[in-house]
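Trainee: Below, the features straight out of TrEMBL:
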REGION    1-41  region 'Disordered'
TRANSMEM  53-80  transmembrane segment
TRANSMEM  92-113  transmembrane segment
TRANSMEM  173-194  transmembrane segment
TRANSMEM  222-242  transmembrane segment
TRANSMEM  263-287  transmembrane segment
TRANSMEM  330-350  transmembrane segment
TRANSMEM  416-438  transmembrane segment
TRANSMEM  444-463  transmembrane segment
TRANSMEM  475-492  transmembrane segment
TRANSMEM  512-532  transmembrane segment
Amino acid sequence: MNSAITSCEHPGPLQTVDGVLSSHEGGQGREKGGQPRSPSSSPLAYGVLDIPPWYLCIFLGVQHFLTALGGLVAVPLILAKDLCLQHDPLTQSYLISTMFFVSGICTLLQVFLGVRLPILQGGTFAFVAPSVAMLSLPTWKCPTWTLNASLVNTSSPEFTEEWQKRIRELQGAIMVASCVQMLVGFSGLIGFLMRFIGPLTVAPTIALVALPLFDTAGSDAGIHWGIAATTVFLIVLFSQYLKSIAVPVPVYGREKKCHTSKFYLFQVFPVLMGLCISWLLCFVLTVTNALPSVPTAYGYLARTDTKGNVLNQAPWFRLPYPGQWGRPTISLAGVFGIIAGVISSVVESVGDYYACARLVGAPPPPKHAINRGIGIEGLGCLLAGAWGTGNGTTSFSENVGALGITRGPQVGSRMVIVAAGCVLLLMGIFGKIGAAFATIPTPVIGGMFLVMFGVITAVGISNLQYVDMNSSRNLFVFGFSIYCGLAVPSWVNKNPEKVHTGILQLDQVIQVLLTTGMFVGGLLGFLLDNTIPGSLEERGLLTWNQIQEESEETTKALEVYSLPCGIGTKFCTSSCTRGLPFWPRLEHGGKGEVGVSQLTLCSQDSSGERPKGATETRM
């Protein structure tokens, strides 16, 4: 017998209930009579479809931007050396601003037209390895004179051409590879593959996004362990220990005018507060010269004035535009290398979609939403290549980690990510402000990474909840995939000369694939899970597939994942458009009407009718 759960959703403004600042959603979070509900009934005060107050969207959007800041800034800085830009901080700031701007565009495209989950788009580390491999070829190695700061004239045409021809080569490779990603998404191929991709494939893939980065996080934090530990302590303190403490804040209301109310400040802004306090601490230690002023001394990069040249030289306003570095060029080696990065990026993004949906209380994304999300990510990579970021874009796992930490009232709304996308656009236009954010001390970012990567790893492993982990088969598949995902890349990085087929381009592709931990672990998980005998229930595919199928039939899923302005549901509903793999599926009325029992999760009015706006979810 089927069952159904009916829920009400009435998004409303922030209100005061019993002296506590909270959101009002037609009783969401409280039963009739003011009695609180259990957390399982309403874990979020603001759901995916709800719109928090504008000021709350801005603050939370800034928090998500700061969470992604390390990754956004790190990618251009990592590529700077291979682009011959290590002695040109001004151009580095231009690349950072361009990354901000394009990430903002791609975030808005993903929220409005893509998978429509509250997930940020930004630079992808999956493209860094193939990019560095391509720039390491003899043809693209930087001339010796560009490595000497005294010989570099950043305004000379000769130097400009040296770095621009390299980034144009990256642009062309990224733009061609992005077309492959768009084909995989919009053709429905990724949706077809999802029937073979289960929890034992997704879990090691997402876990290995963060696990191999422990060295990077440790190195950044090790610049000054005191500052990094302070950042970790503050984020953990705010997000875990103080999250239930309400802080009195001034509020203006129509009835009570000016008065105070309680607000769960620590639960909503743990990352933002932790970074700001640590940044302020570094500033105080810099002004008082408590931190060393010698570049080779321990803790020097914890100073807030180490990147002052970038801030001084960056213009106040600069609008990035497509083709700002010239016309892109294309090489076969670069294209194949970036395609290898696309494979890992796609698998990672699919896992991020499910993790994000679970954290914000949304139904699992149906196949058409996944197809559309991957296709829009491919479009984002095309735009990133056209604008010349030197990188592509992908769903930010750091953002998913922030959702895990701040799983409090306001984080579930996708309008927060819209605000974050607008913040990214502004940071890309206001070059001086974007450069200022790039001056966050390295150990502060390292401390944040220690917390974020831990949460990302846990999010990946949490996919195993659908799997029978008492099965020796499943223990072997997951354990072996994780271990090889760490061991194989480590060996290949130490022995690159062992990968030799006689074909340079093929060697590069193989090396890139084998040095990407999430690709190695995900591929092994996929192969072992689909070849070692095991029942669908044992593998978690029975529950996994049921969740996907049911999510496509629910009104809630239709509301979350359908296109805006009624496209596909009220307009453009012809049989031709409905046949597209990325088009929303209309709910089939009448299905499952026999033997359906209903549990109403919203109070009815005095007439006994269901309130307007109620939604029904089959289970």
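Every residue gets a Cβ built from N, Cα and C, even glycine.
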Trainee: Between 173-194, 222-242, 263-287, 512-532, who has the most Cβ pairs under 8 Å to the transmembrane segment (444-463)?
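Mentor: Of the candidates 173-194, 222-242, 263-287, 512-532, 222-242 scores highest.
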Trainee: Can you work out which residues elsewhere in the same chain, 6+ from the ends of the transmembrane segment (512-532), have a Cβ less than 8 Å from its Cβ atoms?
Mentor: 126, 129-130, 133, 196-198, 200-209, 211-212, 337, 340-341, 343-344, 347-348, 473, 476-478, 480-482, 484-486, 488-489, 492-493, 499, 539
Trainee: How about the transmembrane segment (416-438) and the transmembrane segment (222-242): do they have 3 or more C-beta pairs under 8 A, pairs 6 or more apart in sequence?
Mentor: no
Trainee: Looking at the transmembrane segment (263-287) and the transmembrane segment (222-242), are there 3+ C-beta pairs under 8 A, with each pair at least 6 apart in sequence?
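Mentor: Touching, yes - the transmembrane segment (263-287) and the transmembrane segment (222-242) meet the threshold of 3 or more Cβ pairs under 8 Å.
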Trainee: Checking distant contacts: for the transmembrane segment (92-113), what same-chain residues at least six beyond its ends satisfy Cβ-Cβ under 8 A?
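Mentor: Beyond its ends, the transmembrane segment (92-113) has Cβ neighbours at 68, 72-73, 75-77, 79-80, 85, 119-123, 310, 313-314, 318, 320, 324, 372-373, 376-377, 379-380, 383-384, 387-391, 393, 395, 414, 417-418, 420-429, 431, 434-435, 438, 563-564.
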Trainee: Please indicate, using numbers and ranges, the residues of the same chain that are 6 or more beyond the transmembrane segment (475-492) and have a C-beta under 8 Å from a C-beta there.
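Mentor: For the transmembrane segment (475-492), the far contacts come to 200, 203-204, 207-208, 211-212, 464, 467, 469, 498-499, 511, 514-518, 520-522, 524-525, 528-529, 532.
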